[in-house]
Ligand code: UD1
Ligand code: MG
């Protein structure tokens, strides 16, 4: 917690001081939802990322202090241990939890790779179809450590299916494919639910806080000590608390009206922090439950991502300079849609998932962009930018809380027990 306080203070002041420096270096972006479209510094997530990574590095001795002492004769004095069977047991350092340190370091390495790639993206504006796979490279270090250290590729089968499949199914290498997919999905989905002031950071903060609450459920006094999953959840807390620190600092500058933009670096960092704690903390399925709005946004976007419906470079809501409100942005159909797509759009229009505009001949000329932000505006009508951001924070919180309650309270309906129950599988 102290480290997170430091993280907040350092990130807060560095973002403030470095704004003009970033502008001078050309790292700036136009705030499209303001009357004059002012230019403000972009890529401020890079500042957060550097502060965050340095603090994680400085933190290394602290969680391992107890083990460092235990692996010696106490107080760091190694002489005593050296006397016993030096050939077989070395310096007794095998008592030191190297695997835990390896997890921590691989998490750090994954985060460092994603930050380098994120900054590259912000500098060069890499094409969307090229950058989706970037996080896969960042995931390799932690997947290797997962393989060597934990290696569990079994999943528990829900009770109704156990008659056919048995209690566990070994997914084998498919499980690694699934984890790589989680690592690709988390960063990209946060980057896609973006475009209005504060939304990237606010959604990440909600997810991080809910994850911390979930972690706390596995620690004393919420559960009898020591719980078998305690170490994984402590690991998760070590990564999440300083992340909350730097994110809060960024939110102070990025909330409406923004003085800085976060850049893709922040979105990637945030997503990768969640992927790292979810995978190395062994709760990737619970993690995905907190991504319901992002999953919805991704699935809803697929027709545009795969080019079935035209996808403009920016799909963020459109600013109306007269009213000062945001309304759903549209994609223009320069060539009229094929009859099949026109029918589908018509149905979606009826069920109020999109809004289409037709010309005199009844041909579709515009349809709203398929993002959750635009959908919300189709439902509520025009909103001010910060109201829309607040609504999204509420949606994220409500979905996350319901998901966690279902996860822990109703788990026994589909599984034999919740893994918080003592002695259960982790
Ligand atoms: C993703 C989205 C894109 C959306 C963009 C907005 C997909 C496939 N891509 O692209 O549709 O328009 O994010 O972030 O879904 N900006 C604002 N106000 C804000 C935040 C950003 O005006 O509060 C604008 C600024 O001009 C900023 C730019 O968005 O410079 C950043 O866009 P960038 O992050 O490069 O877009 P992508 O992540 O590629
Ligand atoms: Mg972006």
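Backbone N, Cα and C atoms are what each Cβ position is placed from, and that goes for glycine too.
Just so you know, TrEMBL annotations never went through curation; they're auto-generated.
Note that the structure is a prediction, hence the values are computed from the model and not measured.
According to TrEMBL, the feature transmembrane segment maps to 6-23, 44-65, 101-120, 132-153, 173-194, 201-220, 232-253, 265-283.
Between the transmembrane segment (173-194) and the transmembrane segment (265-283), three or more CB pairs separated by 6 or more residues in sequence fall under 8 Å, so the two stretches touch. Of the candidate ranges 44-65, 101-120, 132-153, 265-283, 265-283 contributes the most Cβ pairs within a distance under 8 Å of the transmembrane segment (201-220). If one looks beyond the transmembrane segment (44-65) by at least 6 residues along the same chain, the residues whose Cβ comes under 8 Å of a Cβ in the stretch are 3, 6-7, 10-11, 14-15, 18-19, 22, 96-97, 100-101, 104, 108, 111-112, 115, 118-119, 122, 234, 238-239, 242-243, 245-247, 249-250, 253-254, 260-269. In terms of C-beta pairs under 8 Å, the stretch of 101-120, 132-153, 232-253, 265-283 lying closest in packing to the transmembrane segment (6-23) is 232-253.
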